[in-house]
Structures are given as structure tokens and as C-alpha cells.
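Peer 1: Attaching a single structure in C-alpha cells format; questions to follow.
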Amino acid sequence: MLKGRHLIDIMDFSIEELDEIFKLANEIISKEKDFSKVCDGKLLATLFYEPSTRTRLSFESAMIRLGGKVVGFSEPNSSSVSKGESIADTIRVIGCYADIIAMRHPKEGAPKIASMYSTVPVINAGDGGHQHPTQTLTDLLTIKSIKGTLSNLKIGCCGDLKFGRTVHSLINAMSRYENNSFTLISPEELKVPDYVKKELNRKGVNYSETKNLEDAIGSLDILYMTRVQKERFFNEEDYIRLKDIYILSKDKMSKAGKDMIVLHPLPRVNEIPYEIDSDPRACYFKQVKYGMYVRMALMLKLLGIR
Ligand code: NCD
């Protein structure tokens, strides 16, 4: 039962619960009109303490397409946060107005704290360099729809694996399905944090680390590209040195299998040149669409409407 629950970490939901969400998302995709009024009278609050276009607008479009309404802020300086209000108080107040809350925060763990004080479901829309579970719902629905399965896949994650929260959530989620393996492609400075690797080791999941995208690409079913997370660097020099370390050129794509798909949570910076967009293996814009549908399904489940 997902009604009334929070989504803070993708591991909060069982595989069966994730399946329920994907099933509903597919139903929405095939009969969107039937869902256009199901959230009539419901209000989503989007509390974004950190910049976002995609995720916030994805949540807002999702709620509006279900017939509900949206309030919120995307600029914390214009809210009482700038007066020093605590997350606990903000959440208790918003819970009096809204039926469901999506929250993004630069501090790891902030949405978890919010959920402890909230009377309505809280969805983590990204917390610092930690987790981003609704991006993972998006990624999983995209993979399932295009590849037809979430098992037996060779997944390459490339770029900023240290600060890229989408990758952390994706690795946790995909390592629960049978026989998936990971190739973690990053420079030394941007390797996956130990806590993520510890989990892989504990579960006995197959993974390797490399710096070389060119060597790894030929064996992958999925290439998950990420941008170097400029805002989480302590020093600009390091960012400048590392920012263009992986560029997915046509030449590299020619070494990949014909069924490999390229995903990216977006925004991209330079890591995927525009010329790759027309390659049928480039699936990152499809992924955006799946993201909206999966958020529609998630909110319907947490609100107990479906
Ligand atoms: C990601 C994020 O916010 O972590 N973007 C998103 O949610 N679409 C990835 C990123 O910012 O690089």
C-alpha cells in the first residue's frame, strides 16, 4: 500500500511497489484522457531550495495534467526560509495547505527530516549530492519500456559519479534486479562514493571501475551519461580541469553496440554533442517524457487515488 507514504530513497519501495507505479504509468500513457480530472481538488506544493527546471516543471505538469493544482517556490530567498524558519516548521505549515509535497534541497537528508514532521506525503526531488529517487523512477521506466526488462543488463555510468545523485539512486535501484552489472566510468577524483560501493559489495553485485569510456562502451546495454556537477565543487580550477573529460563523440558511438541506449538525466553541458541527438540510440528526450508520466503515477499512488 503506497497511500500516505513518503518517497525519500528509492529503496523505500519494494520491487513490487515499483512495479505497481510502472504499471499505472503505462496505463496513463495509453489512456491519458481518462486521468485528466482524477486529481481535481488536490494541491501539490513544490518546495525547491535549489535551482531546477526539469524536475520542478515535471512535477507541476504532472499534477496539472491530472486535474490538480500547484503552489510553491523555486527561489528560497523569497520565502520565510530567508527569515530563518526551520524545515520542520515550513513543512508543518505547508502540510496545512497542500495534499502532497515535492522538495529539493542542497543539504543531504533535508527531505528525510521534512518527512518526519509532515502530515502529508513528501517526495524527495533531489537532496544535495545524495539521492534523486524520482529521476530513478524515470530511468527505470525508460529502461523497462525500451529494453523490455530491468534484469540482465550491463549498465555503464559515466561522468561525475561522486556528486551525481541520479547515479547513486540508479545504482541502488538496478542492483536489486537479477544479474545486472555496472561499469563505473569516471576520473579518479569523481569516483562513486564508498557508501554506494559498499552496498554493491554487500549484495555481491558485479562492477568494475575505469577511466576509459572508449574501451568500455562496446560491451554496454545502457550508457548513462552525467554532467560534471559544477555547483558541488569546492574549487573552480578542479571543475575546469574535469568538466570536459568525457565527450560522447560520433567516433565513440561507432564503437557501441547497435542496441545500446544512451540516457542522461539532463541538463547536459558538453558531454553529449548535439550531433548525437539524431542517433536512434539517444533516448534522453524520451526519458524526459517518461519522467512526467511516472511522477503522475507516483502522486496518484501516494495520494491513494489509484
Ligand atoms: C539531475 C539533478 O538534479 O540531479 N537533473 C534532474 O533532476 N533532471 C542531474 C543534474 O543536475 O545533473
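Placement of Cβ uses the backbone N, Cα and C atoms for every residue, glycine included.
Heads up, TrEMBL stuff is auto-annotated, nobody curated it.
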Peer 1: Taking R92, R104, R232 as the options, which does TrEMBL list with R54, T55, H132, Q135, L266, P267 at the carbamoyl phosphate site?
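Peer 2: Record check against TrEMBL: carbamoyl phosphate site with R54, T55, H132, Q135, L266, P267, extra candidate from R92, R104, R232 is R104.
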Peer 1: Residues other than R54, T55, R104, H132, Q135, L266, P267 within 8 Å, Cβ to Cβ centroid, of the carbamoyl phosphate site?
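Peer 2: Other same-chain residues with Cβ inside the cutoff are S52, S58, A125, G126, T166, P265.
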Peer 1: So which of R54, T55, K83, Q135, L266, listed as binding-site residues, have a Cβ under 6 Å from an atom of ligand 1?
Peer 2: R54, T55, Q135, L266
Peer 1: Rounded to a whole number, how many Å is the Cα of R165 (L-aspartate binding site) away from the Cα of R54 (carbamoyl phosphate binding site)?
Peer 2: 15
Peer 1: Express the distance between the Cα positions of K83 (L-aspartate binding site) and T55 (carbamoyl phosphate binding site) as a whole number of Å.
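Peer 2: Roughly 26 Å, rounded to the nearest whole number.
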